[in-house]
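Written below as structure tokens is the structure these notes are about.
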Amino acid sequence: MAAWGERLAGVRGVLLDISGVLYDGGEGGGAAIAGSVEAVARLKRSRLKVRFCTNESQKSRADLVGLLRRLGFDVSEGEVTAPAPAACLILKQRGLRPHLLVHDGVRSEFDQIDTSNPNCVVIADAGEGFSYQNMNKAFQVLMELENPVLFSLGKGRYYKETSGLMLDVGPYMKALEYACGIEAEVVGKPSPEFFKSALQEMGVEAHEAIMIGDDIVGDVGGAQRYGMRALQVRTGKFRPSDEHHPEVKADGYVDNLAEAVDLLLQHADK
């Protein structure tokens, strides 16, 4: 692998995943990952542009930012690219009325959306809401439509909380795809449109940006396919087998966000 200076040269913007990179969710809101609060502060004091890019779909953007601030992070709503607001924009543009299979914590993001007589389904990480009854209702709505449309806020397989690994929205999305014989439209990582909007909001080109995440497929693979560079942290959902993934190879592997920031401040924007 090339030297760090070569791999990080010309980076002007940094996209940060949140869960598994900044903090691990769980009881009482979860816990910041060691060194991550100061790492974010150091990045923001540098010349590099910083944006937070998350597939979080159990909390509204306001609630997520509130949690991060309580954990000590310097972050504002305007710095966060999240899938629920992006999905609302798509629904309005296309005149769609969703049946929502989402967590109560994110439902407020859809307050301005008409959900009467639904002509599509939006699925997110509903947690305990993924009951047979709720999954079957989403299935029935889709099967009654002539042209069924399913939106999924991300398609992650699992994520890490302080109590252990938790199933993400992806397995439930796949179940509805299989049952209905359709393919979901993913809003969130690894969708190219999601990375595009985050970079536009940050004001940098793909080749000038780097993604830092714990998901080898959604964060690293998605960013690289869009023309960005990507580092994987060995925190959150990281597993040692990720470093030998058959299809995705990160531009570098670091122990945590603090190490990534050390390297970026040493080598980026040169």
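Every residue gets a Cβ built from N, Cα and C, even glycine.
Keep in mind that what you see is a predicted model, and the values were worked out from it rather than measured.
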> Given that Swiss-Prot lists ASP17, ILE18, SER19, THR54, ASN55 as binding substrate, which residue among LYS189, LYS196, LYS237 does it place in the same site?
Replying inline: LYS189
>> I need the neighbours of the Mg(2+) site defined by ASP17, SER19, ASP214. Which other residues of that chain put their C-beta within 8 angstroms of the C-beta centroid, in sequence order?
In response: ILE18, GLY20, VAL21, LEU22, THR54, TYR159, GLY213, ASP215, ASP219, VAL233, GLY236, LYS237
> Taking the Cβ of ASP17 (substrate binding site) as centre, how many other Cβ atoms lie within 10 Å?
Replying inline: 27
>> With the cut-off set at 10 Å between Cβ atoms, which of these binding-site residues ends up with the most neighbours? Options: ILE18, THR54, ASN55, ASP214.
In response: ASN55
